[in-house]
Structure formats: C-alpha cells, structure tokens
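Undergrad: Per Swiss-Prot, the features are:
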- 1-24: topological domain 'Cytoplasmic' (TOPO_DOM)
- 25-45: transmembrane segment (TRANSMEM)
- 46-56: topological domain 'Extracellular' (TOPO_DOM)
- 57-77: transmembrane segment (TRANSMEM)
- 78-159: topological domain 'Cytoplasmic' (TOPO_DOM)
- 115-165: domain 'DHHC' (DOMAIN)
- 145: active site, S-palmitoyl cysteine intermediate (ACT_SITE)
- 160-180: transmembrane segment (TRANSMEM)
- 181-202: topological domain 'Extracellular' (TOPO_DOM)
- 203-223: transmembrane segment (TRANSMEM)
- 224-658: topological domain 'Cytoplasmic' (TOPO_DOM)
- 306-419: region 'Disordered' (REGION)
- 360-398: compositional bias 'Polar residues' (COMPBIAS)
- 407-419: compositional bias 'Gly residues' (COMPBIAS)
- 490-522: region 'Disordered' (REGION)
- 540-658: region 'Disordered' (REGION)
- 565-575: compositional bias 'Pro residues' (COMPBIAS)
- 619-633: compositional bias 'Polar residues' (COMPBIAS)
C-alpha cells in the first residue's frame, strides 16, 4: 500500500486518511506471496538442474525477469497515481450550491464534459475520475487495482502495464521450465524436487489465464489510447477519441514519455534554520578590522566603525535649508554697484510684487496721501502713516503715467497736493497708484536731482529723463505679459522689446509744462519723492537708498527764470465738502491739454521741445524752465563733481555723480 497517498505534503492540502481495513491488504498480500514464493521455489529446486543439464543462462534469465517484475509491482503499488489536492474550505462555500454539474471544454476540436466533484469541490479535468476506494480524484484514472492496492492513474500506469507484461512473461517462463523438468523426471515424481516443481507449475498455470487476459486487454487500450474507465463507461465508443495519437504514438507515450509531476507534497519533518537579519554584517575581530584599510589609507578600529555605523543608521538627515525670502543686507559700495551692472542679476521672485492687502484704497493708494488726494478734507499728513524701517518694502509696481513721472523728474510740480510729484499725479486724471514707502521715493528723487544737476553743469540740454532703473510698465502691461508669456527676467527688464511696450508708451510720455507759480508751493512742501523700480536687483536698489537728498534751499536765481508767456488760470481747489469719496476726480485745469492714454511717448516729447512763438520771438519751453528751476532748487550752490555714465539693463543710461 502506498503510505504517502493518505498524507498530504507541501504542494497541496493533505487528503483525509483512509480508515484501516484489513480486507484491502489481502489481495496484495496474496499476490506478493505467490509471486515471491513461487519464484523462490522455482529458483531453488528447478533451476539447478536446468543449469547443469542445459545452460547456466536459464537461472540468470529468470532472476532478471523476476526482479524486473517485482520492481514494476512495487512502483505501481507505492507510487502516487496522480491525486489532485482538494480545494480549501473557503473556496467552495458559494460555488458548491450554485455550480452546475457539468462544464464543457474543447479538446482538439471535440467537446469534452467535465463533472463537478462534490467531494473534492472542483471540476474534474478531462479523463479524471474520483476513486471510491481511495476517495481521491486521480488524473487519467484507469481503475483501482486490488492486487496492488492502489489506483492506476497517469503517474503509475506505465509501471502497472510493464508489471503485467513482465509478470505474464515470468509466469510463462516458470511454467515452461517447470514442465521441462517434469518431463525429464517422469520416473522420479516421488522426489522433493519433482513435487515442488509440480506445485510451482500449478500456481503459474493458475495465474497465467487472468494475468494474460488482463495484459492483452491493456495492450489493446494502450494501442487505442484509452483508459479502462473510458472503455467500460463507453465515453468514446460512438465518437472520436480526442486523446488518441495512433497506435505507435500511443504506445510510445505510455512507455517513453516523461514522468508527470506530483501534485501532493511529501510529508517532511520541520527543519530549523537560523537566518540572520538582513543588512547586518558578520562580527569581525580587532585583527580583521586592523587589516582592513579604507580607500584613503586610513585604518579605523572596531569601536570607531561601530560608532560611524550607528550614527549613519540612527541619525536623521538634516532638514533642507529654508529659502531666504528677503534680500540680505549688502555692503553699499559703488564698486559693487558698477560691477553688478555688467552681470545679469537673478530673476526676482514674483511674490515680492504682489499688491499689498493692507492698503486702504481700492487701487492701493498710498496711505500718506489718501486723505489729501481723495477726500480733500485735510492738507496735513495723516497720523496713520506707518513708520518705515531700514529694509525697503516692495509691495507693487506703480505706473509712472502723466504727472507721476514729472514729479520724479522735476520734484516741484505737486503744489496742489503738497507732496511732490505724487500729488500732481493724483490730481491730474484722478489716477491712484500702489503704495510704496517714503524712503524709496526720497532715494529716487535724490538720484534724479543729481542727474539733473550734473547735466545742467555740463551745459547740456535738459531732455526728458527716464526714471531710475528700467522703464516700468503699467499693471495692464504686466498682465498682458503674464497672459502672453512668462514673467522672465528679460521680459521684465527690457519691456521695450516686447509688443506690449507700445501699449504702455502713452503712460511713459513726458508731462505738460506746469505753471511756474506752483514752484513756491513745492518749495515749502514735503521732500521730493521719487520711485525705485522693483525690477532692479538688490544691489542696485540698496545703492540707490544710500543716496539721500541734501536739504533743499531756495535758489537765488529764481528771479531770472520767469516765463515769457503768462501762466494760464488755475482751477480753484475743491473744498473739503465739494467732493465725496465716490465722486469722480476733477477734470484738468483750463488751459492744460488733458493727458489721457491717447497721448503717445513721441507726442509728449514733441510738446516739451517744440518752441512756442510769442510776438515773433522764440521762447524757452516751459518744461526746460521747470527743469532748470528744479535743478537750481536742489544743488545749485554746491560745486559740480565728476559725472560717470553707466549703462544699465534695458538700455537705460545712468549719470552718477562721483
């Protein structure tokens, strides 16, 4: 009996052990006793005379046949016939009640039916059947043989077939040689050798008929490519067998094919294996560590290596450095500023130019001039002006249109508002601008005044000056650049190369001439305010901050600079109650050409340099008079120093007094 059949292994679930029944071992025990006993008697009592009388090859031949028969008998008995492991308990909880009884598959174009096995809980493969004796589904089940006490299936059918063939031949040999011995000893039948030979011949003759019949039957089945179960049940009796390959191929497949795999594992004892944790080095001695030299030739001891390893595995990596969101303080030197002009400064972050949400007005009007420009109810500074620190605050990009640029150039045109050019820009056109600190305005005004003084000293014509830094565009231009492309460094610093520069050119036009009687108001007003472009680098912006304007003194030469033509009439200022917060801004004063967005840059320049004729004479433009007055108001008494021209980014030329 195959012991391994009742116990499962590692490849599948173990089959339930069969109950012990002594009746199962009677046939196999009888077959083994007759086979071994009869052959032993034949070899002991009959073969010696055959070897003496005929040849010694006869006993040797019978021994070989007997051993071959016994080997096939043992293989057919103890080998796994091809038992399928049973399904898990949780796999058939739902399928057991709903699964159909049969399922059809196609094999070589022929429909083959598979039956549901309720015991093993799966559909049996083709040519598979459930053995009622072994209580297992066997692949290519042939039959259950009681003489070998095992099922004959795919894995052991070859040995069973060879056992039948060899047993038939062995029975024929034993019976024939025994008959030969009796024929030569007819007068000595009373001897022991003759009696034993007659008994062996009877047993061989008794088993020859069924064994020979069974062998012939299986020869026919092998030639046809069928199994005993298929032949008995008549599955392919009236049709075509899809598993046959011809007579010779079928015989070759049974005798010479490779061994089929085993589906049930063998029962093995558990083995204890020591497995070291991963990523751990084996312990090393001090001698081994001393002999180990690193790549740089430095030897380290075991303790130092353990410390380094513990630090590398336990210590957390350092966090990444936090980005610096503000420009650090840099040394304010002229050499650094000039050297930085030759290099491309880094692209500034966009979050520095977002509008400040703390501005009180809708358009982020400066809090210093909110009460004076919008409401008109006070001519003094608001007490709510925040105290600015040393670090500049970059909130937004103002638009230097109309009078705002003139306030940066002249510094004395904001007479109506009382705070320089910014007040004039708010009075004309009613435009409001983003807020920025007074420190930046003063630094920009000082830079502009220095450039005007140096230009007047060198006897140069005072043309329209462009604000320090690059030419800034309006928020509309920046929005167009953001919508049409990225705010790269080139597009921010050189807007004249972009197509949006033309749309913003009218905001950069020089201002109209201002009446000279407003100069007196500007002389006693707040310090001249200016504008520093936020697109400049940190070094350029810090360099402009250190150039603080000198105290402004009235120039004694103001009497020589009188306008030839009479100034136009000035519109009366609005009373504090004349206009509310929601009312539209006042229109331009009579006699002044309104500065709208239709005026281009060239038109503004033409108005400045176009000579005006009064009584056939040529008079100086008001813009020139205005700039001369601004120049004499600032630094007319100080001796002129050297002027250094520096070309900045965006095509802007700077005149720096050294």
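Cβ from N, Cα, C; glycine included.
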Undergrad: Which range out of 25-45, 57-77, 160-180 gives the transmembrane segment (203-223) the most CB pairs under 8 Å?
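TA: Highest pair count goes to 160-180.
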Undergrad: By a Cβ-Cβ criterion of under 8 Å, what residues six or more beyond either terminus of the topological domain 'Extracellular' (181-202) are in contact with it?
TA: 38, 41-42, 44-46, 49-50, 53, 174-175
Undergrad: For the topological domain 'Extracellular' (46-56), what are the same-chain contacts with Cβ under 8 Å, counting residues 6+ beyond its ends?
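TA: Counting only partners 6 or more residues beyond its ends, the topological domain 'Extracellular' (46-56) has Cβ contacts under 8 Å with 62, 177-178, 180-181, 184, 193, 196-197, 200.
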Undergrad: Counting by DSSP secondary structure, give me helix, strand and coil numbers for the topological domain 'Extracellular' (181-202).
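TA: Counting residues per DSSP class in the topological domain 'Extracellular' (181-202), I get 15 helix, 0 strand, 7 coil.
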Undergrad: Around the Cβ of residue 145 (active site, S-palmitoyl cysteine intermediate), how many other Cβ atoms lie within 10 Å? Please give the count over every shown protein chain.
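TA: The answer is 23 other Cβ atoms.
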Undergrad: Can you see whether DSSP assigns residue 145 (active site, S-palmitoyl cysteine intermediate) to helix, strand or coil?
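TA: The three-state answer is strand.
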Undergrad: How does the domain 'DHHC' (115-165) divide up by DSSP, counting helix, then strand, then coil residues?
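TA: Across the domain 'DHHC' (115-165), DSSP assigns the residues as follows: 9 helix, 17 strand, 25 coil.
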Undergrad: Using DSSP, break the topological domain 'Extracellular' (46-56) down into helix, strand and coil residues and give each count.
TA: 8 helix, 0 strand, 3 coil
